[in-house]
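Trainee: Before we start, here is the structure in question, set down as C-alpha cells.
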Amino acid sequence: MQLVPLELNRSTLSGISGSISISCWIIVFVPQIYENFYRKSSDGLSLLFVVLWLAGDVFNLMGAVMQHLLSTMIILAAYYTVADIILLGQCLWYDNEEKPAVDPIHLSPANPINENVLHDVFNEQQPLLNSQGQPNRIDEEMAAPSSDGNAGDDNLREVNSRNLIKDIFIVSGVVFVGFISWYVTYCVNYTQPPPVEDPSLPVPELQINWMAQIFGYLSALLYLGSRIPQILLNFKRKSCEGISFLFFLFACLGNTTFIFSVIVISLDWKYLIMNASWLVGSIGTLFMDFVIFSQFFIYKRNKKFILN
C-alpha cells in the first residue's frame with residue numbers, strides 16, 4: 001500500500017470523524033459487559049435503560065435497512081442489537097442469581113469491628129462488598145493502613161490517576177484505530193482510478209423514505225427515554241457504582257463524531273431532513289449522557305467525603 005498525503009476537505013473530515021465514531025460504537029458495550037462480568041452483578045444498570053436502548057437499536061436497524069444506508073451502517077446496527085441482547089442477558093442472569101446471605105452475627109452491632117460499617121453494609125448508596133462478598137478493588141486500595149492521616153486522600157488520588165491514565169490510553173487507542181482504518185481505505189481508493197461518470201445520465205436525487213424516517217424518530221425517542229431511568233436510578237442511589245465510565249464516554253464520543261461527520265458534508269435542507277432523526281437522537285442522547293457524566297463526578301466527590 002502506498003502512503004498518500006491527506007487532502008483536507010469536507011469529505012475527508014467526514015470520513016475521519018465517521019470512522020472514529022464507528023470505532024467508538026464497536027467498543028462502547030465492551031467496558032460495561034466486562035464491568036458486569038467482573039462484579040458478577042448488574043445492579044448499577046437500570047433494566048429499563050437497557051430494554052429501551054435495545055428497542056431503539058431495533059428500530060434503528062429497521063430504519064437503516066429501509067432507508068438503504070451503507071452496508072457498514074446496517075451491519076453496525078445489527079451488532080448494536082446483539083450487544084444489547086448480551087447486556088440484557090447479563091441483567092436478567094445476575095438479578096436471578098442467589099445473593100449471599102447476610103450473617104447476622106458478623107454484622108451484629110455488638111461486634112465493635114463492624115460498629116462503623118453496619119449502616120453502610122445495608123445502605124445501597126455505599127456498597128462495601130460486591131455481589132460475591134469481596135471488597136471492591138478501589139475501596140480495598142483506599143483502605144490501606146498507614147500512619148499518615150492523609151494516606152486515604154493520597155491513595156484515592158493515586159487510584160484516580162491510574163484510572164485516568166488507563167482511560168486516556170484506551171480512548172486514544174480507539175481513536176487511533178478509527179483514524180488508521182479510514183486512512184487505509186483512503187490510500188487504497190486514492191491509487192484506484194476514479195469511476196467514469198456518464199454525463200448523459202441524470203444526477204440521482206436524494207429519496208426520503210418516510211417509513212424509515214418514522215422508525216428513525218422512534219429510535220431517537222427510545223434512545224432519549226432510555227437515559228431517564230438510569231439518571232433516576234443514579235440519583236436514588238446517590239452513586240454510579242456498577243456503571244462503566246468508559247461506557248458513556250465512548251457513547252458521547254461516538255455521538256459527537258457522528259454528528260460532525262453528518263453536518264460537515266452538507267447543510268442542504270433535504271440532506272438534513274433525511275438525517276434529521278439520527279441527528280436528533282445523537283444530539284439528545286449526547287445531552288443526557290452529559291447529565292450522567294455530571295453524576296459520576298458529583299457522586300464521586302460524595303463518596304470521597306463519606307470515606308474521609
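In case you wondered, yes, glycine gets a Cβ from its N, Cα and C as well.
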Trainee: Please state whether Swiss-Prot assigns E35 and N189 to the same topological domain (same side of the membrane).
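Mentor: Different domain labels for E35 and N189.
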Trainee: What are the helix, strand and coil residue counts for the topological domain 'Vacuolar' (1-12) according to DSSP?
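Mentor: Result for the topological domain 'Vacuolar' (1-12), in helix, strand, coil order: 3 helix, 0 strand, 9 coil.
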Trainee: Please report how many Å separate the Cα atom of N189 (N-linked glycosylation site) from that of N9 (N-linked glycosylation site), as a whole number.
Mentor: 16
Trainee: Could you tell me the mean pLDDT the prediction assigns to the topological domain 'Cytoplasmic' (227-244)?
Mentor: 92
Trainee: Go through 168-188, 245-265, 278-298 and flag the stretch with the largest number of C-beta pairs under 8 Å relative to the transmembrane segment (13-33).
Mentor: 245-265
